[in-house]
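Feature list (source: Swiss-Prot):
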BINDING   64, 66, 85, 88  Zn(2+) binding site
BINDING   440, 442, 444  Mg(2+) binding site
């Protein structure tokens, strides 16, 4: 069995299957009619409203709205069947169902889905054979079409009603046959290349609609699904105030306009007199789906001049449900910060900020504090700074961390390091390690991850550690290469500065290298100062010669700089 996801246009019957339920008493529940208040003074949900317990389920576990059943425990026989309260007709079950149970609003007129108009290519324009601008005018109520009633009276239609009338007159199978005949006879009829391409696009779309058994009427809303209440929460404050999600105000405005149209129809007023209400209902549904169009319009704003957040805005973008909560979910025991150079570190070490380390190793710290019986309450942890530092250092000694630089294109973009606590907010790295990461110190960021299981820790210590990844996998070339800063530093320390300040000064004579280092530390000498150094080459081979004359001792002095001596000493210690 292969699992797959199929995305298709939902039919009105399918929407009713999602939102409507049949009770044991034989009544259908799911239709929303009320929009006055979401919660009453007691904090209970109003019947038929956006948070109705009868439609969406109870707010407390095994407790009904009226209080007839409180913490009711079902028997084994009752668990198989739906249990309803006799008085308030609320299902006695777990409130988790409020996370996924939906309702619906029955719209009095067909409403256009704005997403089908804004998409490119516009499928409504291809099906109806009308221009996009004209369809948008019909959608906004600026244009209209005239039809005749049964009594042969002219009637003006706009918005969803007009497009619904145009779509109802199109026969899918007959139009497909006509289009295929036009393609076969394109030479005789002298069809242009543009028209030929348009006909091909229509045939592709019509074939897809026939294969998937989609009807044109499904492109319009008849039943508007309402999201579960826990997705759009509401909170009662102490000062009789309510904090509500933006979607609740949008749903409430749709119900208000829809109820107004129902009352006007019941009062037998002709349809031409409440066209404005129909256009307003279309705008309200558009705001619910996508509110970007109404940025400058007063309809899309609330009292504090803040734009209401629509469904598409909740889904799309970095802060949307899909990227933030489903795909790009932030992982626990991880962090991110800017990298900074630190040449004093070893190749297998990295500098980790103290604040970040406390947050990353927080559970480990609590575990140690509970073992030592030093703390009882969690909020007092940050006050014990001295003990905290000692515990944190003991934890870090035996715990390697993983550093990742995005984009992770190959294996060497993730390597393990032994952390060392540092002051500041940046991660510190040895410059020789950066070539494997393809990182520079110009604002690059790295992610920190902690391996938790014993297998992950062993893999980090043996395989992922930076010392064991010195060569590239593709050709065996060394990854630990001197970067721009190191090459520039080597050049700067070995260069002879021929400035008059250095040349005209008296060149001092030294017989010992340690004296030169001491003078450099005392800042009596700079890197570019010229000096004479007594050079004793121990590996030089001399021939033995016996002469009668007095023996002459040969002393060699080399003119060099302080920087070259220090550089030579570093290489000698390394080798």
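Cβ coordinates come from backbone N, Cα and C, glycine included.
Keep in mind that what you see is a predicted model, and the values were worked out from it rather than measured.
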Rounded Cα-Cα span from residue 64 (Zn(2+) binding site) to residue 444 (Mg(2+) binding site), Å: 56
Residues flanking the Mg(2+) site, with Cβ no more than 8 Å from the Cβ centroid of 440, 442, 444 and excluding those residues themselves: 339, 439, 441, 443
Cα-Cα distance linking residue 64 (Zn(2+) binding site) and residue 440 (Mg(2+) binding site), given in Å to the nearest integer: 62
Neighbour-count leader, CB within 10 A, binding-site residues: 64, 66, 85, 88: 64
Among 64, 85, 88, which are recorded as binding-site residues, the nearest neighbour of residue 442 (Mg(2+) binding site) by Cα: 64
Most crowded position, judged by CB atoms within 10 A, among 440, 442, 444 as binding-site residues: 444
Assigned element (helix, strand, coil) containing residue 85 (Zn(2+) binding site), judged by DSSP: coil
Additional residues surrounding Zn(2+), by Cβ distance to the 64, 66, 85, 88 centre under 8 Å: 65, 67, 68, 69, 86, 87, 89, 90
